[in-house]
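**Q** Take a look at the following structure, please.
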Amino acid sequence: MDLPPQLSFALYVSAFALGFPLNLLAIRGAVSHAKLRLTPSLVYTLHLACSDLLLAITLPLKAVEALASGVWPLPLPFCPVFALAHFAPLYAGGGFLAALSAGRYLGAAFPFGYQAIRRPCYSWGVCVAIWALVLCHLGLALGLEAPRGWVDNTTSSLGINIPVNGSPVCLEAWDPDSARPARLSFSILLFFLPLVITAFCYVGCLRALVHSGLSHKRKLRAAWVAGGALLTLLLCLGPYNASNVASFINPDLEGSWRKLGLITGAWSVVLNPLVTGYLGTGPGQGTICVTRTPRGTIQK
């Protein structure tokens with residue numbers, strides 16, 4: 001299913017128009033909370049919001065590229081820079097969502113033990129590790145891409161593919177023999193593993209909610225916050241990573257499904273700020289998960 005270029009353009013522009021201000025608000029809200037008390041959830045939220053902000057900044061260029069049917073509109077050296085700026089947040093977001101979910105689950109399942117060891121410095125270390133893993137993986141994939149001009153009558157280097165007498169294409173014409181294994185490894189390590197962690201933690205938070213003493217309204221809100229990360233992974237990042245797996249198994253499925261997956265991935269910049277819960281400015285409006293202990297109900 002090929003989306004019309006005008007529709008792809010409109011979807012990218014809409015994601016930018018909504019996601020850019022939402023993530024600015026999320027950063028502002030998280031910073032205001034951090035001034036009162038810095039917590040691991042705030043650290044993950046700040047990194048996620050900054051990651052989404054970087055992704056949102058690349059969306060206007062992606063929209064222009066879609067309107068031009070994939071033709072790269074900038075000078076060729078900007079292609080690898082764009083690749084890192086666009087795809088690093090796309091993959092890193094799953095790691096930050098999994099880290100947020102793990103923190104909520106540990107706070108619910110082991111409230112007092114987790115309270116004793118939860119330190120923002122540990123969360124900063126996790127975030128640095130996620131960024132390093134993503135950037136090294138992407139950098140290695142781009143660096144190993146070899147020029148194939150003598151083989152397939154094209155000029156290819158660092159993500160740019162230029163058919164002879166044709167227009168430059170960034171990444172989307174990447175040699176399939178290199179692209180499919182690389183994209184599959186990205187998806188397994190940076191999406192499906194975080195997805196499993198997030199799903200496990202979501203079930204743990206739901207079990208804690210069942211035994212909590214909160215009102216029905218607050219239980220619903222807590223369930224939404226706990227399930228928001230899983231929802232974002234499935235709805236926004238799921239289609240793109242599923243297309244990577246499908247195209248590895250059956251190369252005929254590549255192309256239009258990948259383009260659709262990139263569009264849904266772009267909309268994660270809209271959904272993430274809504275589910276992390278830091279758009280408000282008042283204290284205590286952030287992400288929560290609850291549990292009942294012998295000393296009362298604890299919120300995370």
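Note that Cβ sites are derived from N, Cα and C of the backbone, with glycine treated the same way.
Reproduced below are the annotations present in Swiss-Prot:
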| type | residues | note |
| --- | --- | --- |
| TOPO_DOM | 1-8 | topological domain 'Extracellular' |
| TRANSMEM | 9-31 | transmembrane segment |
| TOPO_DOM | 32-41 | topological domain 'Cytoplasmic' |
| TRANSMEM | 42-64 | transmembrane segment |
| TOPO_DOM | 65-79 | topological domain 'Extracellular' |
| DISULFID | Cys79-Cys170 | disulfide bond |
| TRANSMEM | 80-101 | transmembrane segment |
| TOPO_DOM | 102-121 | topological domain 'Cytoplasmic' |
| TRANSMEM | 122-142 | transmembrane segment |
| TOPO_DOM | 143-178 | topological domain 'Extracellular' |
| SITE | Glu145 | site 'Important for receptor activation' |
| CARBOHYD | Asn153 | N-linked glycosylation site |
| SITE | Glu172 | site 'Important for receptor activation' |
| TRANSMEM | 179-200 | transmembrane segment |
| TOPO_DOM | 201-223 | topological domain 'Cytoplasmic' |
| TRANSMEM | 224-248 | transmembrane segment |
| TOPO_DOM | 249-256 | topological domain 'Extracellular' |
| TRANSMEM | 257-279 | transmembrane segment |
| TOPO_DOM | 280-300 | topological domain 'Cytoplasmic' |
**Q** Please compute the mean pLDDT of the model over the topological domain 'Cytoplasmic' (32-41).
**A** 88
**Q** Check the disulfide-bonded residues Cys79, Cys170 for other C-beta atoms within 10 angstroms of each C-beta and report the one with the most.
**A** Cys170
**Q** Are there at least 3 C-beta pairs under 8 angstroms linking the transmembrane segment (42-64) and the transmembrane segment (122-142), leaving out pairs fewer than 6 apart in sequence?
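**A** Yes, since the transmembrane segment (122-142) and the transmembrane segment (42-64) share at least 3 Cβ pairs closer than 8 Å, they count as touching.
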**Q** Per DSSP, to which secondary structure element type does Cys170 (disulfide bond) belong, with helix, strand and coil as the options?
**A** strand
**Q** Which of 9-31, 42-64, 80-101, 179-200 shares the most C-beta pairs under 8 angstroms with the transmembrane segment (257-279)?
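**A** Out of the listed stretches, 9-31 contacts the transmembrane segment (257-279) most.
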**Q** At a C-beta cut-off of under 8 Å, are there same-chain residues at least 6 beyond the transmembrane segment (179-200) that contact it? List them, or none.
**A** 91-92, 94-95, 97-98, 101-102, 105, 133-134, 137-138, 141, 229-230, 233-234, 237-238, 241, 244-245, 247-248, 251, 254
**Q** Other than its close neighbours in sequence, what residues sit by the transmembrane segment (80-101), given a CB gap under 8 Å and a spacing of at least six beyond its ends?
**A** 41, 44-45, 47-48, 51-52, 54-55, 57-58, 61-62, 74, 123, 126-127, 130-131, 133-135, 137-139, 142, 158-159, 170-171, 186, 190-191, 193-195, 197-198, 201-202, 205, 226, 229-230, 232-233, 237, 240, 265, 268, 272, 276, 287
**Q** Quick test of the contact rule: Cβ under 8 Å, at least six residues beyond the ends. What residues does that give for the topological domain 'Extracellular' (1-8)?
**A** 63, 66-69, 256-257, 259-260, 263
**Q** Could you tell me how many residues in the topological domain 'Cytoplasmic' (102-121) are helical, how many are strand and how many are coil under DSSP?
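**A** Going by DSSP assignments, the topological domain 'Cytoplasmic' (102-121) contains 17 helix, 0 strand, 3 coil.
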**Q** With DSSP helix as H/G/I and strand as E/B, how many residues of the topological domain 'Cytoplasmic' (32-41) fall in helix, strand and coil?
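**A** Counting residues by DSSP class gives 7 helix, 0 strand, 3 coil.
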